[in-house]
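**Q** Starting off with a structure, shown below.
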Amino acid sequence: MTSMENITEVTEFILLGLTDDPNLQVPLLLIFLFIYLVTLIGNGGMMVIIFSDSHLHTPMYFFLSNLSFVDLGYSSAVAPKMVAALQSGNKVISYNGCAAQFFFFVGFATVECYLLASMAYDRHAAVCRPLHYTTTMTTGVCTILTIGSYTCGFLNASIHAADTFKLSFCGSNKINHFFCDIPPLLALACSSTHISKLVVFFVVGFNVFFTLLVIIISYFFIYIAIQNMKSSEGRKKAFSTCASHLTAVSIFYGTIIFMYLQPSSGQSMDTDKIASVFYTVVIPMLNPLIYSLRNREVKSALWKILNRFYPASFSVSRK
């Protein structure tokens, strides 16, 4: 029997998680369970608010509702398994389960890149061409941008999933991470990963820098338009409509670039884990807060919904 015949392909993986310290398992369980529940309530609530208030049926909120759905999607691809592993101690994930988690996480995360770019284009149209806004951001344009975002996202996920899971995993099946992400999976492969790493660098690089370029160009023209406004009130209003989006963009792209586009020799897996926690579970929780805390229209719509179900309590509390 040859040595090649003795090689056994991996049929399941073990997710090592954030830490193996038993004293930290319960605190981490409570923290991530809380974060995930806030994510579900925040993003689910944002979608309900937008769909239930006709005043929010505008391009900006159409994109925002899709962003909430996407945040739910890629957070749900990771958080439930992580919480279950912390609760039960069972860190095993099947090969197919790992591939599915990988596919949906990469897909939804890439969709978010393109949605953020679409939202920047929408803000550019609103600030730079307000008189033509309704003819620029039509229902058809918004639909095309959204469908294009999902298409690019899951096309990207298909490329990475096919490229990663064609590799041979015949050695250790212990993934030094809390979910099936690209870097730790490539580290486990027993076949050459040179081509796969090039695919990651160039495909992720294209998606990130193309969408980031759209955002930068949009905000360059937005900045010029704001500087040319004579009214300080107009400047303040224009800036406030963009501030939330800029905050979300900065946090999201900062962590994505740190994770996937720096030289592999310049990062440790533990550092990767910390960054991964941020963009897999923290950012989806923060986005609805970022977009709602300074948004009067969302707050007003929320009060209307609460007043509809609890008229006595909330009519008094608003006075």
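Including glycine, each Cβ sits where the backbone N, Cα and C put it.
Predicted, not measured: the structure shown is a model, and the values here were computed from it.
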**Q** Just checking the record here: does Swiss-Prot list Glu12 and Arg296 under the same topological domain, which would place them on the same side of the membrane?
**A** no
**Q** Write down the residue from Asn6, Asn156 that Swiss-Prot flags as N-linked glycosylation site.
**A** Asn6
**Q** Match it up for me: which of 56-76, 161-181 does Swiss-Prot list as transmembrane segment?
**A** 56-76
**Q** For each of the disulfide-bonded residues (Cys98, Cys190), count the other CB atoms lying within 10 A of its CB, then report the residue with the highest count.
**A** Cys98
**Q** Going by DSSP, how much of the topological domain 'Extracellular' (156-197) is helix, how much is strand and how much is coil, in residues?
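**A** When I sort the residues of the topological domain 'Extracellular' (156-197) into the three classes, I find 20 helix, 2 strand, 20 coil.
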**Q** Establish whether the number of Cβ pairs under 8 Å between the transmembrane segment (273-293) and the transmembrane segment (56-76) reaches at least three, counting only pairs separated by 6 or more residues.
**A** yes
**Q** Could you tell me whether the transmembrane segment (56-76) and the transmembrane segment (198-218) have 3+ CB pairs under 8 A, leaving out pairs under 6 positions apart?
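**A** Contact between the transmembrane segment (56-76) and the transmembrane segment (198-218): absent, because fewer than 3 Cβ pairs are under 8 Å.
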**Q** Check the DSSP secondary structure of Cys98 (disulfide bond), expressed as helix, strand or coil.
**A** helix
